[in-house]
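To keep things clear, I will list the structure first and then write my remarks on it.
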Amino acid sequence: AYAENVKIALVVKSLGNGFFDAANKGAEEAAKELGDVDVIYTGPTKATAEAQIEVINSLIAQKVNAIAVSANDADALVPVLKKAMDRGITVISWDSGVAKEGRQLHLNPSDTNLIGETIIKLAADYLPEGGDVAILSASSTATNQNAWIEAAKKVLPEKFPKIKLVATVYGDDDSAKSTDEAKGLLKSYPNLKAIIAPTTVGVVAAAQVVTDENLIGKVNVTGLALPSEFKKFIDNGASQAVALWNPIDLGYSAIYLAHDLAVKKEEAKPGATLSIGRVGKVTLDDTNSAAMAPPFQFDKTNIEKFSKIY
Amino acid sequence: MKNFLKYREIWLLAGVVVLIGLISTRFPGFADPANLRQVFNDTSILMILALGQMVVILTRSIDLSMASNLCFTGMVVAMLNAAHPAIPIPVLIVIALLVGLVLGAINGFLVWRLNIPSIVVTLGTLTIYRGATFVVSGGAWVNADQMSPDFINFQRAAFLGLPVLSWIAMIVIALFFLVMTRTAIGRSIHAIGVNPTASVYAGIDVGRTKFIVFCISGMIGGLAGYLWISRYVIASVEVANGYELNIIAACVIGGISIAGGIGSVGGAVLGALFLGIISNALPVINISPFWQMAISGSAIILAVVLNARGERRQGRIILRKAEAA
Amino acid sequence: MDTTAQRKAETQQPEPSGPAPSASPRLTLSGISKSFPGVRALHNVSLSLYPGQVTALIGENGAGKSTLVKIMTGIYQPDTGEISIDGQVTTLPSAHAAFGHGITAIHQETVLFDDLSVAENIFLGHAPRTRFGTIDWRTMRKNAREVLETMRAGHIDADARLKDLGIANKHLVAVARAMSIDARIVIMDEPTAALSMKEIEELFLLIEFLKSEGKAVLFISHKFDEIYRIADRYTVFRDGEMVGEGLLKDTGQNEIVRMMVGRNVDHIFPHREPKIGAPVLSVSGLSHPTEFDDIGFELRKGEILGFYGLVGAGRSEVMQAIAGITRTNRGDISLDGNTIAPKSAADSIEAGIVYVPEERGKQGVVIGLPIFQNVSLPSLTRTSKSGVLRLAEEFSLARSYTERLDLRASSLSQDVGTLSGGNQQKVVIAKWLATTPKVIILDEPTKGIDIGSKAAVHGFMAELVAQGLSVIMVSSELPEILGMSDRVVVMREGRIAATYDNKGLDAETLVRTAAGIAA
Amino acid sequence: MTDTPAPRHIPDRLDKPLSSAVFSWEALLVVIAVIIFAVNSFASPYFLDPWSLSDLTFNFTEKGLIALAMALLIISGEIDLSVAAIVALASTMMGMAVQAGAGTPVLVGIGIVVGLGCGAFNGLLVTRLGLPSIVVTIGTMSLFRGIAFIILGDQAYKGYPESFAFFGQGYVWWVFSFELALFLVAALVYWFVLHRTSFGRKVFAIGNNPVACQFSGVRVGRIKFILFCLTGLMSGIASVLITSRLGSTRPSIAQGYELEAITMVVLGGVSILGGAGSILGVVLAAFIMGLVTFGLGLLNVPGIVMSIFIGLLLIIVIALPIVWRRLREGRFA
Ligand SMILES: Nc1ncnc2c1ncn2[C@@H]1O[C@H](COP(=O)(O)OP(=O)(O)OP(=O)(O)O)[C@@H](O)[C@H]1O
Ligand SMILES: Nc1ncnc2c1ncn2[C@@H]1O[C@H](COP(=O)(O)OP(=O)(O)OP(=O)(O)O)[C@@H](O)[C@H]1O
Ligand SMILES: [Mg+2]
Ligand SMILES: [Mg+2]
């Protein structure tokens, strides 16, 4: 019956993004499996903290049981999420995290350091000689991208001494601006060997620029991309490989964990090991964060298959 | 005095040249013809949009909905292309023009028939058209993979050494130039901005002319919609979000008076080029992207200050006339 | 008024030229009514215009003259009534349609395009085309020059931008526009209000020319000397109704005035016994980089000082400088012996000098605000208490001044924009008088005001000086200058040409001085 | 010979038919607000809850505060598109002060002063150099936010003091938040200034004819300058509230607020061409926008679809009286 079901809101950064739509698929899957869950898939259309707060406010008013949020801003959401928790709502963050005070646990799609390393490795694998690379990120305020770039910079000197990171630019997840920035990179750094874009809008823009400027084979575009949106550029050679985690599993796990916490089946505390249905188990660290699987790599051999899934 | 307007464009052109010169000192390849051609191509869409906005501003109106129109039309043609890749591109362009025309006509109708100030109408349709994009697409994106190769490559094809996109921009510029200087409707558009009351008395149908300029800006928005989507190969609700202000800024820098009646095709094109060069050059001369916003803001303010200088009325000069007599 | 008689004698013509009045009218309006929310502007009026004849439309301010003009030019639609042209009943749904019938008008407020060239102003809407249907600029300029030549206005450069022309030349451009479309019916709504004598003469020559070309002309004016000189027929309106029509040669001025006002008005300037005191305002060496130079005069207590000059002589600019609106680069202004340097109208009003501007629509009334708020605007400090408005005070202030000036309005809360031109002018005068100044500068105070109200304004002025105020009156109307002033300053081309005592001063001296022709 | 007629009496005002009050803009807005309220209570069981209604007000109080000052500015014939950027810059400056260890009173002071300063900058450009405000503020909109970006880059400021949280999160009494209380008090003040003082009267007059005002001794430049400062000030105050509510600062804060504030003003019946409008209308419009967004939010309608409603509402509410009048006059083409 309606009243007994656990209402869980899956709040995303912005609606319409293929990545989050795929996550919603996983969420629905978890809901079916758990049986007593209603998923509310929602989020702002514009990826801003203020808009997300309005959404969360209306969820609080609807007295949902749990909120699982991928945050547009790690800090700005804290007050409103605290209010939610004060009113007895279970709050977790996933994908893009919220500061510790604003949630009970955070589910990282993958280990931050691992992602940082992976995005560099994706470029390095095809650059045995080494060379110049540049990063084209999303907006300068995006929490997770910034964390990955930090991590990437840290591993560079020890693990990839021949790779030189010459610039980090921001395309704001806006295709026009990303295109301008990618072009600028190619002009300013004639020796550029790879563009790393850890965001789906940026990586597509960069790949299109490389295609347009006839630089396929000279400049490799890589980063994080949804296979369904990026297949074209693996096929035409603008990119050798990209990586991503499984958004379906991520959405599935977020709902699963939110449910278990909401019905008090589990408790989130440092060191706890929580089980997530078919995905397995995660262990919380001392900030109550858990990381899921390492990023998965897509290249010519498997893109066809995955592009059909997400 | 007759050359006054041309005068302003010469100054603007000088500004553009100086800007290119300045950039070249930090990035020598910038002034290469090949690079300049590319800058022109990169700015083409903005130039086209600025021309559409120009005719609206000339009539003392404003079209804030152009970027949303672009977004909606772009989404429609992208979805059409994804669903029916066989539709030839020229047909899609005609569809884009028509869809844009309809959206523009809605604005124009409200301004004309209900006499609602254009800024209010387009403030409303700004959100409505973008929202409608969400409704037609269900929020989903159309990405590069779903677009046909023709769809993407049409504007990139080289013709006489220039991409088709550049040619389209040049054709649009030429058309606007003809319309504004050589046709009655062009002069009516101008006259309405100079003095709407006098225009009524002169037998110009002010309302209908405003309707027409909104139709023009709508069609331009539609055309730009296709060009934009096939250029950046992603169609989403967020496409060109906030771009309406860039379009207006290009017009302002180009010396088009927001109070109507003053402005020219050359000005709009140069204004767009100026902004295009800035956004093109900042990444290559290693200015932190965080400076970009402040720089273009200052450029706008500077441009208005200079334009206002040029426009300042000189009074009637009774004394000098008396001496001359 | 000897000048009128004089001129009349010079140009006296045996009979109105053109066909006999029995010829069929070119345009007939019958049973026309038009109402605005709360106002009945026209009620069942009729009017006929005959080819080759000038018909004068006469009526008090607000009688409905301009409204009728707008109906004839397709700008307003009548509520009822019939329009026929050459005997054919027709409608004029838009300005364009009126154009198509060869109807053209020079409106009460000049409506032209400041930022366009003279040629384009003349031809906008009917520019010559090339074979390809595009505008033929060269032919357009050539035709513009031709039109200007035929009007003997060849001194106007067809390529000049309109805003660089003086007001009189702008009027000529408006006329040229009317000529250029081969109009068959030409309407002039108070065309002489902004012109000085020289230009009026030129305009009259032009009207004669139009008559000889067989055009039907409608001429609206509040000045009877002009009407008698140029028009053949008359139609009189009162309160939106037609009260009489006929041939001017059969009808005396008094009769027309009676029709128009419903009573006898003989405009004699008020008899005054000036009690002139010490200098109140003295100006010396006042200069502006481009508009005027070395202006010096004294205004004494209880005096009316007339400023005469041809239109464009720079009188308005000087007055605006004294009122703090225009900046000067040299010179002194002192009030009651204290040097003042007003930087804005607010400063000068505070000091006790007010300027009643000439351009009522632009500088005078605030259209959109009701009458009482317009009147109280410069006096808000008095009608409010520590910044808080007191409506009762505002109403009583507005009432006391507007009723004195015989304002015709349905209520004080009516938007001034719905008043007729002349009634707006009364609001403008009321507004500045209400500031109770020491010195009041009136710039063309009776421009566009009907004969009855003119007497009221003049009477008021006389009363003010009797109370010890000092008045500067800028006027281009000789009778007004001669009838009201104690002394007259004549300006020419930005400089003071002469100052006269108004004792036995004759019109000719003034005209000669203003035009720079030695006696 | 001249008969002197007795002066005609002109009444203060004509008796207005009752219909003109019934069909006033504010009445229309009240009706709309009531309808939306009813629809909301009917559509969602969660709507009629004191806390829900309280949360609802957060959707509009900050923008509403800006809209109050913007209303005056628009009535005077100007506009300020830079308000959201002022919020961002003021918030950034407060963030810098926090890093330097400033306490709550200092922070509030900084927010207000920066807002005021930005407003004064706009005002100077517009009144001193005689530039069109729409263009100036498109420029300063990039400039102010650009400075915030230069200062902050990809960083965020946080660590605002505990006591600072009160402004955006605190409650004055039961469910009445500080933000709501401030908004209502400010609305009262603005109502008084606009409708009951000579300053307000001059604002209306300037919007209708600035030249005639100048000739009438109204210090047009000074009043416009004050209005720009007020708009900046209100943006500064809004910045304090938002920053306190978010507990952190990023340069992208308050993006798009300018258009929402302007929408509120226009929906409230203020003529975008200047010269007419009322504070009551703006306050009603603020509530309506809050009701619409919150009500649709309760139904989990995406924000962009809400914006369609707002856009339609804007056009319909403005078109309605026009269409109605034409229908009555029977000349609807
Ligand atoms: N747009 C309008 N709205 C309401 N009332 C109007 C409007 N235009 C004119 N009126 C009213 O119609 C009447 C006739 O005005 P009109 O301008 O025709 O007078 P007029 O004879 O030209 O006077 P004047 O000699 O002062 O120019 C006046 O009472 C005026 O207030
Ligand atoms: N070409 C023009 N461009 C702009 N303003 C003008 C022009 N001609 C006249 N004016 C304005 O119109 C008003 C009347 O000017 P006008 O030509 O009548 O000269 P004047 O000698 O100053 O005044 P008056 O009519 O009292 O003789 C002045 O305020 C003037 O500023
Ligand atoms: Mg009139
Ligand atoms: Mg004058």
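For all residues, glycine too, the Cβ spot is worked out from N, Cα and C.
A TrEMBL annotation is a machine prediction, not a hand-curated record.
Record features (TrEMBL):
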type	residues	note
TRANSMEM	D:21-44	transmembrane segment
TRANSMEM	D:64-90	transmembrane segment
TRANSMEM	D:102-125	transmembrane segment
TRANSMEM	D:131-152	transmembrane segment
TRANSMEM	D:172-193	transmembrane segment
TRANSMEM	D:225-243	transmembrane segment
TRANSMEM	D:264-292	transmembrane segment
TRANSMEM	D:304-324	transmembrane segment
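With a cut-off of 8 Å on Cβ pairs spaced 6 or more residues apart, the transmembrane segment (D:225-243) and the transmembrane segment (D:21-44) reach fewer than 3 such pairs and are scored as not touching.
For the transmembrane segment (D:172-193), the neighbouring stretch richest in Cβ pairs under 8 Å, chosen from D:21-44, D:64-90, D:102-125, D:131-152, D:264-292, is D:64-90. Nonlocal intrachain contacts for the transmembrane segment (D:21-44), taken as residues 6+ away from its ends with a CB within less than 8 angstroms of a stretch CB, comprise 267-269, 278, 280-281, 284-285, 287-288, 291-292, 294-295, 298-299, 313, 317, 320-321, 324.
Only pairs six or more apart in sequence are counted, and the transmembrane segment (D:131-152) with the transmembrane segment (D:304-324) gives fewer than three Cβ pairs under 8 Å, not enough to call it a contact.
Through the fold, the transmembrane segment (D:304-324) approaches residues 23, 25, 28-29, 32, 263, 266-267, 288-289, 292-293, 296-297, 332 of its own chain, all at least 6 residues removed from its boundaries and within a Cβ separation under 8 Å. Through the fold, the transmembrane segment (D:64-90) approaches residues 110-112, 114-115, 118-119, 122, 126, 133-134, 137-138, 140-145, 147-148, 182-183, 186-187, 190, 193-194, 200, 203-204, 206-207, 210, 223-224, 227-228, 230-242, 251-258, 261-262, 264-266, 268, 270-277, 279, 282-283, 285-286 of its own chain, all at least 6 residues removed from its boundaries and within a Cβ separation under 8 Å.
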